[in-house]
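For reference, the structure discussed in these notes is given below.
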Amino acid sequence: MSRTAVAPLERMKILLQVQNPHSIKYSGTVQGLKYIWRTEGLRGLFKGNGTNCARIVPNSAVKFFSYEQASKGILYMYRQRTGNENAQLTPLLRLGAGATAGIIAMSATYPMDMVRGRLTVQTANSPYQYRGIAHALSTVLREEGPRALYRGWLPSVIGVVPYVGLNFAVYESLKDWLLKDNPFGLVENNDLTIVTRLTCGAIAGTVGQTIAYPLDVIRRRMQMVGWKDASAVVTGEGRSKASLEYTGMMDAFRKTVRHEGFGALYKGLVPNSVKVVPSIAIAFVTYEMVKEVLGVEFRISD
């Protein structure tokens, strides 16, 4: 639900992140969305969303399940160490649980994310067309080898700590603060309104994405390396045409800053900032509501 709602902004973000700096097609969010609408139509705005939804289902399921289990395990060890059976998770421990969940989920589905990035940036003028996620996976595996499916994995792992970790830590801490101080007369978790949960999720998402964003840019750029029939968005056109070559994460950071300036690490931040509030908030609210509908209560105190 959340990914589909912001799919046009997600595609715009990735295009701004990876486009050749010497052959600019997308100069901003509004101009870029208009350009996609004019050249590719409505379907162009949602290109890559099907693959993203296919990836996000196992990713979110693994992430939330891992977070619940990691939280229980960390709390058990914390109580054993302190000898306090009533101890609760601190923000730092929640950060550790969130980061653990993020790394597990991201690693399990990373090849799908890698090819999703390529599917998102290819256009009708791309020299070679991936026909879908399965075709893209098999093509990359055949032409570039299994390691290619994990290009950009390291910055993704590093980015998990501030992004996913802070999302969970800030969200849960905000909920606890609202319940503990009882500013709106709420005494139980079920009494938190949708608006309150939405606000907590929005704040958590904004904090996490802003801190981790440069790593996301580098990850996307590394995913394009080795793509011999890459979209013109990535390679550029005419005299400006050049292939992307990074030997690793630090090399990608150095070349990006040296050739494009420090601001290049935040390309696409505007559409990402606009989408992160509804995306993360809807994801958290849906998660909470589905748990209630199913009658499943994953309480750490159990």
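Each Cβ is built from the backbone N, Cα and C atoms, and glycine gets one as well.
TrEMBL entries are annotated by machine, without manual review.
Mean pLDDT of the predicted structure over the repeat 'Solcar' (1-73): 89. TrEMBL lists 1-73 (among others) with the feature repeat 'Solcar'.
The annotation repeat 'Solcar' is assigned in TrEMBL to 89-177 (among others).
Annotation source TrEMBL lists repeat 'Solcar' at 192-293 (among others).
Summarising the annotation, TrEMBL assigns transmembrane segment to 152-174 (among others). When Cβ-Cβ distances below 8 Å are used as the criterion, the transmembrane segment (152-174) is approached by residues 63, 67, 89, 91-92, 94-99, 101-103, 106-107, 110, 113-114, 199-201, 203-205, 207-209, 211-212, 215-216, 218-223, 248-249, 252, 280, 284 of the same chain, each at least six residues removed from its ends.
Residues or ranges marked as transmembrane segment by TrEMBL: 194-215 (among others).
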The repeat 'Solcar' (192-293) - residue tally per DSSP class, helix then strand then coil: 79 helix, 0 strand, 23 coil
Residue numbers, six or more beyond the limits of the transmembrane segment (194-215), whose CB comes under 8 Å of its CB atoms: 155-156, 158-160, 162-171, 174-175, 178, 184, 186, 253, 265-266, 269, 272-273, 276-285, 288
